[in-house]
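> Okay, these came from Swiss-Prot:
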BINDING   Asn32, Gly33, Ala34, Gly35, Lys36, Ser37, Ser38, Arg53, Tyr54, Asp59, Val61, Arg63  ATP binding site
BINDING   Ser37, Gln142, Asp797  Mg(2+) binding site
BINDING   Cys435, Cys438  Zn(2+) binding site
COILED    155-345  coiled coil
COILED    389-427  coiled coil
COILED    460-488  coiled coil
COILED    534-711  coiled coil
DOMAIN    389-488  domain 'Zinc-hook'
Amino acid sequence: MRPERLTVRNFLGLKNVDIEFQSGITVVEGPNGAGKSSLFEAISFALFGNGIRYPNSYDYVNRNAVDGTARLVFQFERGGKRYEIIREINALQRKHNAKLSEILENGKKAAIAAKPTSVKQEVEKILGIEHRTFIRTVFLPQGEIDKLLISPPSEITEIISDVFQSKETLEKLEKLLKEKMKKLENEISSLQALYTAIWKYLEENDLEVLKSELKTVSEKKKELLKKREELQKEEEQLKRLLEKYRELVKKKERLRVLSLRRNELQKEVIYEQKVKKAKELEPLFREIYLRQREFERFSQELNSREKRYKELESEKEAISKEIPVHRERLSKLEEIGEKIKEELDLLEKVLKASRPLLEQRIRLKENLTRLEEEFRRLVGEKEKREKELLSIEKTENETKNELEKLLDELSILKKDHMKWLAYQIASSLNEGDTCPVCGGVFHGKVEAVEFNIDEFEKLDQKRSELENTLNVLKERKKSLSSLIEDLLMKIEEGKKNLKSIRNQIEKIEEELHRLGYSEDLEEKLDEKRKKLRKIEEERHSISQKITAADVQISQIENQLKEIKGEIEAKRETLKEQREEMDQLKSDFFDRLRKIGIGFEEFRILVKEEVKDAEKELGVVETEIRLLEESLKELESENVRDVSEDYEKVRNQLEALSQEISDLERKEGRLNHLIEETLRRERELKSLEKKLKEMSDEYNNLDLLRKYLFDKSNFSRYFTGRVLEAVLKRTKAYLDILTNGRFDIDFDDEKGGFIIKDWGIERPARGLSGGERALISISLAMSLAEVASGRLDAFFIDEGFSSLDTENKEKIASVLKELERLNKVIVFITHDREFSEAFDRKLRITGGVVVNE
């Protein structure tokens, strides 16, 4: 992974940083607490969504971020492809957004993942390592630059195990292995139980015995099938005889029923003759009925027209009485209308004279409303700013108190800091070395000093932040005081303007009162106009009513004349219809007397349906004749009842079929048992094979468990293989960086790593500061590449401030050789003198890059 660019906003101590990485060495320099060490954490968080210090992602947001949001943009190259990651962490809303894209050759971006979890998974696929391995290989923390180089063999084994075999990973692996073995134990136990059950089943069900029993059952079934076939033939013969007997009985019964029906039909034929004669008179009866209905309809119409004639005469009389009343109301409305018009003219003159004053009053009231709103706004703004000023004063006092406590705490820590710096310088000196501080010769043993430098830098950073906060609060306080004074002046000016406008409005209202204007003048005008319109509408309506009444009387007179003619014509028609109907009734009753039927009997007969009983009688007599002939033929064959013989044979057949069915079920059960026995024999062989395979697998896993978690065996073997790969890479780096001067090897008996200087062995602790740093970095990079593949970037957090100027220059000149590796190498230091030795450097102060 080769970093290209990192943009950071409000992440830990970094407020606003934009860095472009280049091949070679870059030195990041700045005071303690400036945010230098946060650069690597920003890269780690951008890639994996995890830092190093805190488990909670929202703790990485800078506490002074106004919007509570941290933003990271990281561009890098891997395997010939370029990628970009964008992450935003909002601590206020508890939101974490992430997006991973590939940067294409045309500059466009193709999205790969858009959620924190999926981005982390895709990054792990691209880099081929997880977060834990990344932070243990790509980053060399403060104070550990030569830890691996000078450690004894036991510690080297622990360091390698920590990188490649974390305790958590081994515990997880051991747990999985135990679960797998437990699962295998359960499966083997289940299979063994199944094996025992199958073996028991095969012992209980002997295959040869089952086959012999099946043969006996099949032979017996064959005999019974033959016997059933003979009985079925006998049953068929008896069935035919029984059917003939039943046919004879059935025909005799049918003959008896038909004889009775023939007697009934003979009576029905006589009755139907009367019905037919009655139906011949039905058309005449219908005509009389229709003539009667027509006569009644005409009578009703005549009564209706006579009634309508009387109604029209009454309606004409009522309308004639309404017309004089309408004319009197019309005259009164004309008088009222003239009076309202005079009142309306007077009110319109007053309104016309008042209109200029009214328009002026409206404009003044609008200005008054606008000024009142502005006045209220200014008063509200003043109160708001006064509250804000009180809040700032409170915050200022709290910040001062916090700063005083912090300064007291820092004063105590600074004394321990000086002791710790002295210890750091002394611990790097050997017996007889020149002290870089006093220039004297170093003698004696170094006494260890414990000091939490991270806590000291954190408190110092907090002090700087509190001082900046106090300055900001003072400026804001001054600005608010000035703003409140301006608001007070504007409020006084607003009061004067409001009073002036209210006086002008009062004078205009006095003048309007003098003219006779009142606030409801326009309402009175509208009311008068509405009354006038209402009177005009009523006058128009009454005029229309008078005209309509005259027209209505004329129409009624025409209708009366027309209805009178209709009444006379209908009376003449009714007289003619009565004479014709009397003649038809006389003819009808004469014909009824001739055929010997009374009127009531006629009404019953005419409703009857003619069923043609005479035709049915012929059919019945024909069927009786045919049945008598058929019965003679059957009686000549001596047909008898064989139902008892038939039932006896059927019962024998049913019993035989049941026995055959029982044998078939037994035959099926035996076939199933034989198939099941054969299947279980095959299953038994398969189980024997599977049990052997699973037992072998269990033994292999048990062997793996014994060797994998035995530190005396596996760890020594694993460390040896890793060291072979690490030393091979380190030798190659040293050959390039020192032109073949230095070589490195590992000897467990000689206490760890052995350095060869032009072939002469030297202990690692005997190297100069620059030589040791160069070899340590080469060794650390080699270990990182073995763990994570090809390594194109390396970050080193190491201070060299304890060295004098000459030693710093020596170390810097040696470390410059790392430029030849064509990698991105970043040194993080708070020593400006050390950083000046390098061409490319960044200075970070207060969380921002101040120069490049």
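Backbone N, Cα and C atoms are what each Cβ position is placed from, and that goes for glycine too.
Values in this document were obtained by computation on a predicted structure and should not be read as measured data.
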> Would you mind reading off the Cα separation of Ser37 (Mg(2+) binding site) from Tyr54 (ATP binding site), to the nearest angstrom?
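The Cα atom of Ser37 (Mg(2+) binding site) is 14 Å away from the Cα atom of Tyr54 (ATP binding site).
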> Which ones in the same chain are close to Val61 (ATP binding site), with CB under 8 Å and 6+ residues apart in sequence?
Asn10, Phe11, Gly68, Thr69, Ala70, Ile89, Asn90, Ala91
> Just to be sure I understand, if DSSP states are collapsed into helix, strand and coil, how many residues of the domain 'Zinc-hook' (389-488) fall in each?
75 helix, 2 strand, 23 coil
> Would you please pick out, from the binding-site residues Asn32, Ser37, Ser38, Tyr54, Asp797, the one with the fewest other Cβ atoms within 10 Å of its Cβ?
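Least crowded of the binding-site residues Asn32, Ser37, Ser38, Tyr54, Asp797, by Cβ count within 10 Å, is Tyr54.
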> Looking at the domain 'Zinc-hook' (389-488) alone, can you tell me the average pLDDT?
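Mean pLDDT across the domain 'Zinc-hook' (389-488) comes out at 79.
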> In whole Å, note down how far the CA of Asp797 (Mg(2+) binding site) lies from the CA of Tyr54 (ATP binding site).
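Counting only the Cα atoms, the answer is 19 Å.
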> Cα-Cα separation of Asn32 (ATP binding site) and Asp797 (Mg(2+) binding site), in Å?
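That separation, Cα to Cα, works out to 12 Å.
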> Could you state the whole-number distance in Å separating the C-alpha atoms of Ser38 (ATP binding site) and Asp797 (Mg(2+) binding site)?
11
> So, in DSSP terms, is Tyr54 (ATP binding site) helix, strand, or coil?
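For Tyr54 (ATP binding site) - judged by DSSP and reduced to three states - the answer is coil.
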> Using DSSP, would you call Ser37 (Mg(2+) binding site) helix, strand or coil?
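Coil, per DSSP.
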> I want to verify one value. Collapsing DSSP to three states, which class is Val61 (ATP binding site)?
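In three-state terms, Val61 (ATP binding site) counts as strand.
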